[in-house]
Amino acid sequence: MVAVAAAAATEARLRGSTTATAAPAGRKGRQHRPCTATGAWRPGPRARLCLPRVLSRALPPPPLLPLLFSLLLLPLPREAEAAAVAAAVSGSAAAEAKECDRPCVNGGRCNPGTGQCVCPTGWVGEQCQHCGGRFRLTGSSGFVTDGPGNYKYKTKCTWLIEGQPNRIMRLRFNHFATECSWDHLYVYDGDSIYAPLIAAFSGLIVPERDGNETAPEVTVTSGYALLHFFSDAAYNLTGFNITYNFDMCPNNCSGRGECKSSNSSSAVECECSENWKGESCDIPHCTDNCGFPHRGICNASDTRGCSCFPHWQGPGCSIPVPANQSFWTREEYSDLKLPRASHKAVVNGNIMWVVGGYMFNHSDYSMVLAYDLTSREWLPLNHSVNSVVVRYGHSLALHKDKIYMYGGKIDSTGNVTNELRVFHIHNESWVLLTPKAKDQYAVVGHSAHIVTLASGRVVMLVIFGHCPLYGYISVVQEYDLEKNTWSILHTQGALVQGGYGHSSVYDDRTKALYVHGGYKAFSANKYRLADDLYRYDVDTQMWTILKDSRFFRYLHTAVIVSGTMLVFGGNTHNDTSMSHGAKCFSSDFMAYDIACDRWSVLPRPELHHDVNRFGHSAVLYNSTMYVFGGFNSLLLSDVLVFTSEQCDAHRSEAACVAAGPGIRCLWDTQSSRCTSWELATEEQAEKLKSECFSKRTLDHDRCDQHTDCYSCTANTNDCHWCNDHCVPVNHSCTEGQISIAKYESCPKDNPMYYCNKKTSCRSCALDQNCQWEPRNQECIALPENICGNGWHLVGNSCLKITTAKENYDNAKLSCRNHNAFLASLTSQKKVEFVLKQLRLMQSSQSMSKLTLTPWVGLRKINVSYWCWEDMSPFTNSLLQWMPSEPSDAGFCGILSEPSTRGLKAATCINPLNGSVCERPANHSAKQCRTPCALRTACGECTSSSSECMWCSNMKQCVDSNAYVASFPFGQCMEWYTMSSCPPENCSGYCTCSHCLEQPGCGWCTDPSNTGKGKCIEGSYKGPVKMPSQASAGNVYPQPLLNSSMCLEDSRYNWSFIHCPACQCNGHSKCINQSICEKCEDLTTGKHCETCISGFYGDPTNGGKCQPCKCNGHASLCNTNTGKCFCTTKGVKGDECQLCEVENRYQGNPLKGTCYYTLLIDYQFTFSLSQEDDRYYTAINFVATPDEQNRDLDMFINASKNFNLNITWATSFPAGTQTGEEVPVVSKTNIKEYKDSFSNEKFDFRNHPNITFFVYVSNFTWPIKIQIAFSQHSNFMDLVQFFVTFFSCFLSLLLVAAVVWKIKQSCWASRRREQLLREMQQMASRPFASVNVALETDEEPPDLIGGSIKTVPKPIALEPCFGNKAAVLSVFVRLPRGLGGIPPPGQSGLAVASALVDISQQMPIVYKEKSGAVRNRKQQPPAQPGTCI
């Protein structure tokens, strides 16, 4: 048993030591102290997944390596503790030991007491399978991994590799797979994140060759390397496996040489095999001996190797001049000022000018570079080229030895600029232009081209881009070089969607721009890459949608070679919730045939190097494409050269026509030679287009993607518009729908088409017909009839232009008839709308003969003062007076020249054609929230919703749909959303564990041996001082090591990898280095990290605890926030300072308590059983009698014992405010109580507001309480009884009479209906005629044959149901007078009927005798029936 206890104690100490010294990363759901904050989830759908098999990670290291690795990371336990653990495992506790369900990895061990893995410092997870802290590696070689399997969501891990100063270290990335653009591994050449950044790895980086020669490798020269990994809350992948070595040749000599020690130093270097050169033997050298002696000669001193003879070129001088096939070459340069991305380049003569770009470090930065394309060398430039602040994502355009640079993101501030600067090539100087009208968007990720229009004007067209204030821009901005003015063009054709990082080229033959791809937002919360291809005609300002490439990408490049647009590289990652293998960095090579509207995929470069990249530049010189720089986790400085095949290399028509893809050649029959697309005649070009048109294949499924008439009819896929949807041209519209096949036939300015193209609130608000819907984060069209028929919504006003001829006063009266007034054109929107409408009305056929000069609400008030109808003064900015205007004769204003915005002063009584009316709109435009880019603090950025994201290290707030566009190169190390913000700097973290979660922070422990310390920005060597820009004197200040902030001589201790063992937060001394001896200062806990019961505060790092402030209604409160756990039901508030008025509690808890108001003659039940009720020990009630002449009875019972006190006062305020309560009852430890309060004893009549107070206390949770107050009469009130009795009796009688009357009416109605049915039934009986022979005494006996004096026969026999009875009817002769005549007024005959039995009746047979006279034959004597 002793061994078991010792083992348990040792285990507890080990766990405590691990907890105290570890620096685990923040995890999902973890709650930090108030002084810290955790990251938030990224918006959007997320799902966990595994990488496809083709991306399976490399094999794990041998079993010995993890063991050695864990030994390097973990301090060995003391021998006594190790012995105790061994005794515990092998002793009697072994019978109760639990085995872990899964094996522990990375040095973790199974705790036999809990069956869970105990992880070493830096590892987390059920199996210790995830990294989650900081590691320090000191071996001369080793590996870095996030652990087996997929890495953990929302994690931060840091590795410090420590070597010898200035010793070269190489990191080799054998396997790497993270979420592109979101999960990054940063590599610093030093011992902190303040050291130079040399790589930011993200995405899928898998060697593409069996020889593993293209695996990324990073070289560190300082002797230290810091690797920091951050993953967000989206999906996770297999992570990484990185090996490092201090004595290793670069890239293992690429497998083409041997690694040998250098003679001059202890370093190693490659001894390359034949035909290979370079530091890592990765440059082909004199392949095929350069074709000597026919094609070239090998030059051993030249790194390129071959010196080709005339008419030969390419690798090994194997390709003739002109080239009959395309080929790639690569030029590598090591100058530190060269690597960059998102720069721009133009060609002037034979010089490629490279301007701007993003760089990791700016110590050797150069704003402008010049590259000689002939000699392929970088040229020196004057220092004046660096006078401009560094930027990236800008645009460049060349015109007459001047380079125009517009927009871009300023790297030092993170702001997007709208500066327009010109670089003069001849003197290498910059000039800032100040355009007259600053009506342009500040954009980044756009493109620009300077073109000469058909009118002769030279303009710079700026295409798309992203603006932090207005989102993704879909318009074309135009800068007039001669007028020095900006304007936003109103384009025609398809409604295109603008984006960030597209490519664009200008084709001089077609006078059009071709724009491909980009990162686009289709609404505020829907964003992705695009594969669209647009054509923009610069003269007609017409957009056309061409065939898409089916290859989604952004930050790629494009050039035009002989009628073909070549597209190279880019970021192709388009996954948001799971990985489909799309790579961050691409070397895809595609060609688009302009004449045939056809895409082709070209072979990727075969250069023995990983040439995948994005953010590079590409220019064209002598039909050769030069690709420079870019980003592939590293910033690149090489130049890729693509030489395309030449048309004039083909000698036959068949070879000429078959050339490509990647080039368009035409056969000239007159000269019998092959010419390029640029030299073709118009007839040859049209012939080629017609041939392509006949062979084209249409993708009818693409028609469904167009949601507006303009895009449906302005594309090359043969679609037509059917009322509200787009269908292929071979599909007919349904009945009743109108087919529109041409763009010109589409209804113009329909807001239903273009509003949903706007991706931000501000861009939506610019259009008066659109409205931003904040809930769905989308722009919608306003209803068409919001202003009424004939009226148009412009801003917050409704405008209407009439054509009636009338004077000013009559025009004003006509407007008033519509609750309007003459328009005050005081805004740009109103002016542009009125002028546009006037031009349309004037150009229409119905009004071609009528000249409109409409009245506007502008009048002269005095000699020189003009003002609008809304009393605002007239300014000459939006509308101008015509020459020699205003004249003295006119006092009212008219629009005379809509094309020139001209005004005239006219005589008010003269009738003129037209007037402009204005009235307020019923619609009020919703105000947009502050744009994310203008929010300067994290709390402001993340407070409202998930539309903004805060980047903590960059101190920037960006739109959620623009995160990738804002930080394309991993600049943001951690982001936050939805009201989760970190401290502004390291000093805001109160504990060592939280401090070391931040990669730029370290912990300085004071000498008190209590665990108290402070979090400071620092490195492994010690604290650093963060300089301000003003004191540093440059744009990019660097932190400096400052050991005085944590002096070891003063017994301060600096911790950067692990926290100190003593973590008592300054409230206790440590014994055995890690155990808190006795927590003082009202603290408790293993590390004295919480306040004792009844006190609250943050005692971490020396914080204070203070008593709970509960106004006497609680003794306990939340130890962190101080929120009181109120003990009286009905009292609420953080300090128990309020009553639950909404639940019928009243009172003043600051001076007394709260009472529940009871109603008389009602029973109340209170069930205090919820978790929120666990702290209640008391509840109070108050009741006031309703009747002054009746006694008040009360009873109370409960499910548990309680104490009861009852008092009374003359009124409620008298009892609660002045304390005039009189005790009545005091009981303890009871479950039930009943009592009655006499109205005479307590004098209810003289105390009409008498109040009884009931105090129930000292009960335990849970409990159920029932209470009631009632007032009942003591004797019978006879008058009241009889009044009540007779009232009820008479009421009952009245009800009975009414019911009887209703019954009678119903019965009479039913009787009438029954009689009517009987009459109808009798009327519908069958009938027939009978012959009746009447005998008279005078008749001769021979007239009737036979004897008629027989038994009478019936005239009718009506059988009853069952045929056993019948109604028999016979004629009866009544008595007659003399002569056989009945008396006057009487009938001689009567019909008699009787009910007879016919069950025994025999049938009567009738026979006919031959002859003309019928006679009835004598029948056997039988009765026809018997009466019943």
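A Cβ is built for glycine as well, from the same backbone N, Cα and C atoms used for every other residue.
Taken from Swiss-Prot, the feature signal peptide covers 1-22, and the record attributes it to sequence analysis.
N236 (N-linked glycosylation site) has a Cβ environment of 27 other Cβ atoms inside 10 Å. Look at Swiss-Prot and you will find N236 (among others) tagged as N-linked glycosylation site, backed by sequence analysis.
N252 (N-linked glycosylation site) carries a helical DSSP state (H, G or I). Around the Cβ of N252 (N-linked glycosylation site), the number of neighbouring Cβ atoms within 10 Å comes to 21. Annotation comment: Swiss-Prot describes N252 (among others) as N-linked glycosylation site.
Annotation comment: Swiss-Prot describes N299 (among others) as N-linked glycosylation site. A coil conformation is recorded for N299 (N-linked glycosylation site) in the three-state DSSP classification, outside any helix or strand. The Cβ of N299 (N-linked glycosylation site) has G305, C306, S307 as same-chain neighbours under 8 Å, each 6 or more residues away in sequence.
Note: N361 (N-linked glycosylation site) has non-local neighbours P196, L197, i.e. same-chain residues 6+ apart with C-beta under 8 A of its own C-beta. Feature annotation from Swiss-Prot assigns N-linked glycosylation site to N361 (among others); the stated evidence is sequence analysis.
Taking the Cβ of N427 (N-linked glycosylation site) as centre and 10 Å as the limit, one finds 8 other Cβ atoms among all the protein chains shown. Feature annotation from Swiss-Prot assigns N-linked glycosylation site to N427 (among others); the stated evidence is sequence analysis.
Under the heading repeat 'Kelch 5', Swiss-Prot lists 565-623.
The annotation N-linked glycosylation site is assigned in Swiss-Prot to N574 (among others). Within 10 Å of the Cβ of N574 (N-linked glycosylation site) there are 16 other Cβ atoms, across all protein chains.
Taken residue by residue with DSSP, N862 (N-linked glycosylation site) is part of neither helix nor strand, so it is coil. Long-range Cβ neighbours of N862 (N-linked glycosylation site) (same chain, at least 6 residues apart, Cβ-Cβ under 8 Å): none. Taken from Swiss-Prot, the feature N-linked glycosylation site applies to N862 (among others), supported by sequence analysis.
Residues or ranges marked as N-linked glycosylation site in Swiss-Prot: N922 (among others). Around N922 (N-linked glycosylation site), a 10 Å sphere centred on its CB holds 11 further CB atoms from the protein chains shown.
Here Swiss-Prot flags 931-982 as domain 'PSI 3'.
Residues or ranges marked as N-linked glycosylation site by Swiss-Prot on the basis of sequence analysis: N1042 (among others). In the three-state DSSP reading, N1042 (N-linked glycosylation site) counts as coil. Cβ neighbours of N1042 (N-linked glycosylation site) (same chain, under 8 Å, six or more residues apart in sequence): G1022, P1023, V1024, K1025.
Feature annotation from Swiss-Prot assigns N-linked glycosylation site to N1053 (among others). Secondary structure at N1053 (N-linked glycosylation site), as computed by DSSP, is strand.
The domain 'Laminin EGF-like 1' (1062-1107): residue composition by secondary structure is 3 helix, 14 strand, 29 coil, according to DSSP. The domain 'Laminin EGF-like 1' annotation in Swiss-Prot covers 1062-1107.
Long-range Cβ neighbours of N1205 (N-linked glycosylation site) (same chain, at least 6 residues apart, Cβ-Cβ under 8 Å): P1223, V1225, S1226, K1227, V1254, Y1255, S1257. A strand conformation is recorded for N1205 (N-linked glycosylation site) in the three-state DSSP classification. Taken from Swiss-Prot, the feature N-linked glycosylation site applies to N1205 (among others).
What Swiss-Prot lists as N-linked glycosylation site is N1249 (among others). In the three-state DSSP reading, N1249 (N-linked glycosylation site) counts as coil. Non-local contacts of N1249 (N-linked glycosylation site) by the CB criterion (under 8 A, 6+ apart in sequence, same chain) comprise T1184, T1210, S1211, F1212.
Take the Cα of N574 (N-linked glycosylation site) and measure to each of the glycosylation sites N236, N427, N1053: the nearest one is N236. Cα-Cα distance from N427 (N-linked glycosylation site) to N236 (N-linked glycosylation site): 52 Å (rounded to the nearest whole number). Across the fold, the C-alpha of N252 (N-linked glycosylation site) and the C-alpha of N1053 (N-linked glycosylation site) stand 41 Å from each other. A Cα-Cα distance of 51 Å separates N922 (N-linked glycosylation site) from N236 (N-linked glycosylation site).
Here the domain 'PSI 3' (931-982) is broken down by DSSP into helix, strand and coil counts: 15 helix, 10 strand, 27 coil.
The Cβ of N1053 (N-linked glycosylation site) has 15 other Cβ atoms within 10 Å, all protein chains considered. Note: the CA-CA distance between N1053 (N-linked glycosylation site) and N236 (N-linked glycosylation site) rounds to 37 Å.
Mean pLDDT for the domain 'PSI 3' (931-982) in the predicted structure: 89. Helix, strand and coil counts from DSSP across the repeat 'Kelch 5' (565-623) read 0 helix, 27 strand, 32 coil.
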